[in-house]
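Everything on this sheet refers to the single structure shown next.
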Amino acid sequence: MGYHLVYPPIDSGSGIRCSASTPSFPAGFWCNKHWDVQAGSGFCVRFPEGQETAATSSSSCRRVNHSVRCDATPPPPPSLSSGTGVLQQLQGRQLQPCFSSSSNSYPVSFSSKPIQGFSSPHGLIGRNSSSSFSMLQESALVSTETEAGADDVTTPLALTGSYPEGELGKIFVGNLPYHIKNEAVRSFFTQFGPVRDVICIRSYTDPEKNRGFCFVFFGGPDPNAAAMRAAEFDGVEFHGNPLRVKLDDGRRERERREERERWVKSGGDREFRSEWHQEREEASSRFRRVIEFGPHDTRNVVAAFGKIEKPKRGDYALLVNYYGKKGDKHSARSMFERMRATGIDPNVHVYTNLVHAYAMAQDMRGATACVEEMEAEGVAPNPATHSVLISGFAKLGNAEAAEHWFQRAKNKGWAPNAVLYHNIINAYCKAGDMGKAEALVAEMEAEGLEAILGLYNTMMDGYAQCHDESKCLHVFHKLQASKYGMTPTIVTYGCLLHLYTKLGKMTKALEVSKEMEAQGIAHNQKTFSMIMAGYVQLGDTGNAFSVFEDMANAGIKPDVVTYNILVNAFCRNRQMDRAMQLLVRMREGGNVPTFQTYTTIIDGFMKIGDVPMALEIVHDMKMGGCRPTAATYNVVMNGLMRDGQMERAASIIDEMVLAGVVPNERSYTTLMEGYARVGEIGKSFQYFNRIKDEGLNVDVISYGSLLKACCKAGRMQNAIAVTKEMTSAGFPMNNFIYNILLDGWAQRGDMWEASDIMQQMRQQGFAPDIHSYTSFVNACCKAGDMQKAMETMEQMKQMGVQPNLRTYTTLIHGWASASYPEKALACYDEMKAAGLKPDKALFHCIMTSLLSRAAVARETVFDGVLRVTSEMVDLGICVDLATVRHWQKYLVKAERWSGDLTEAVERIFPPDWNPELEVRRKEDAAVSLEDSHIVDTQQEGHLQEEWVSEEDEASMVN
């Protein structure tokens, strides 16, 4: 038997002063003489029975969880017989013994004054506030003396629990996700020490689910130390849930044993609590079951909570946590204040749940305010609180703020753990700083912490965001070779799918899909959506829709995200009828369209020029209860701007204000670019100044929009002045700004100024990208220097930048302008050999180039025209009537009557084109032209006759 004293956190410490003046003290106790809490130094002393002298131990003492842990070998357990001791004012008190194994024991406390009416089953309550106390392993009780003149105020002094009922290193883990498996729990708690066993308590109704709690048994040389480290992270987030981690001190087993003993003595009558307590416990259990099995029905959850008469702190904490998961910070705060109004003081666990609610709502300012509030209330944030804050800033990509809270957690003196490292590494991965993330992984390994499964997935996702295939695969293979038996999960394979779909390597993505299925891992909604998004990115709407059908056949119900991916695909391909059909199917499936759904469809109609239909969708959006956002109004303004309705577009700003939607920076920059297109640069500057007047952030995009306005108007000197103002405002030059300047000089055909911009980019450390090279090629083509354009093409290939469709279109247009159709056709063949698929704009460009030379080099261009038109027919591409009439001029010059060339080109004319009507229209036009010519001749003759008659009259007069 022994006693293990602890002290609550205190501001200053004066050390422990021991004396042997008080009788009836247990013999052979340990204390920490002159232990200084702030300095963290001291030594252990043992007082033998009946002696006052002390034998100094050379063992080192260290602070562990507000305690002093002595590493010396403990003496034989002291007895409770009378002896010389130092405990003052405790004569006649019955001391509560505890069975201690390493670093824990049952609660016991003491005071420097007699305590009246003592009845606590756990020992004496109270201590002097001006004394310093320590937790000593295998110790008895130690008295303290107050400082001179200090007030004697009694405060609780708790002792940590041990494991009297058997197994060491055992913890209780509550609030587990119901779908979690033993392997995931084992992998998570391995960071605190070797895990010997995990026992999850299964649900009564569904054996595949657990009841939300389990027991973890640590092994190794010091299982209790590992259990204490794990207990420090009570409230840490795990798969979206803040865990309840407690040391299992055997209290429940002891209570059940005592209850069985009472039941036996009473003859079989079981002892129950009062009927009111029993009803409240049943209502609380029903509330927990509603959250477990019906978390999506908020109304039922609130109703179940309302049926609890006088809810306990745990009930309030559970509801605050429920609102936190949904990101409903207002309801979480309301329930938190309601709990305090009932007289229940929030503990660190409840505060952490509230912080989590603000973090889920992406209100990190409110989350940090909650931490300041809890510190002002005297509730110290624990590692779980810091973990929630770091995770919240990580989701926003704010690595700087996450680093601040990470360093603050380290300065608290807590032992390093994998959870904090995981969250800060995730922050840097979200920010794209993989170098810093790799350094933190190395630091974590140097601390002796093993990476958990979630960390592997985070690093893989970070590399996928950076398109770093080799490093992503390296982490994946490292996970497979892990000595802790971790295996890839669906999240791991999802990271690989995300990587390959981002890179456009759908073949490899399908290989990953097959490997995942071979491992017995079935696809879920997210993996199907990733594959669909990959096909949509490549413009392959057919395969994307096939994956959608496979998803439905697999019994997986598509959600709003899945539908939005397909809607976006159809709108990008201008298949608005199919997009509307999908919208109807989405509603029939019980999915409510979001503002992203409506905004995408509105943008699709605006791009095809159907402004009335787009405005009708806006009306349907409002009638359906979906409030348009600033992004929706910006799309409407952009569509009206492309349609030439600038005044109508400008009036949208006033409609936004009336609807309660605040215009953002993009609202004004959209209008700036619109007025730049029509040459009204003055209004562009006017809206730029309005951004400043409204108190909005003038960012690089705002300056870029103003720069585009100057370049569109050909005012390059004004553009240079804007760049100088931007740099003086603290915004350095970047590729985005340089490319706008390149476009401006290219529009003017000033190849030398464009070349100077390219040189400035390289000197500033910016590598020209595909946009930069394409703009410079355009400048060369406008200047007529096709040799320089071809040299630039070779240079960009040597630099690892592959020409895209726009680059080849620009070059083909340059050769066409230079009257070299054979060169344009050679570029077209080179583009197809590179694996690029021509679009309608490129087909128009190459055909115009060939037909323009058909009259002088018919035999040269005929084969090219026949080949290109055949490809257009295979792809189902037709030209519009305006293009038909434009090409007809070239065909008439090449062939007086309809021949092979005309027949080849007519295959791609629209179905409603009628050559007879065109011939009749031409004849009518010719007749009208001839008639007008005759009329003009007659009028000229009449005027000539009048002029002659006037001369005759004049001569006659003479």
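Please read every residue number as a count from 1 along the shown chain.
Glycine too: its Cβ is placed from the backbone N, Cα and C atoms.
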Inset, instruction - Using TrEMBL as the reference, determine which range in 56-76, 77-97, 119-139, 938-958 is annotated region 'Disordered'. - result: 938-958
Legend entry - Beyond the flanks of the repeat 'PPR' (594-628) by at least 6 residues, Cβ under 8 Å: 560, 563-564, 567-568, 570-572, 574, 576, 579-580, 583, 586, 635-636, 638-640, 642-643, 645, 659, 661
Inset, instruction - Take the repeat 'PPR' (699-733) and find every residue of the same chain, 6 or more past its ends, with a Cβ under 8 Å from one of its Cβ atoms. - result: 665-666, 668-669, 672-673, 675-677, 679, 681, 684-685, 688, 691, 740-741, 743-745, 747-748, 753, 764, 766
Inset, instruction - Check the repeat 'PPR' (664-698) for me and report the mean pLDDT. - result: 83
Legend entry - Surrounding residues of the repeat 'PPR' (559-593) on its own chain - C-beta under 8 Å, 6+ positions past either end: 525, 528-529, 532-533, 535-536, 539, 541, 544-545, 548, 551, 600-601, 603-605, 607-608, 610, 613, 624, 626
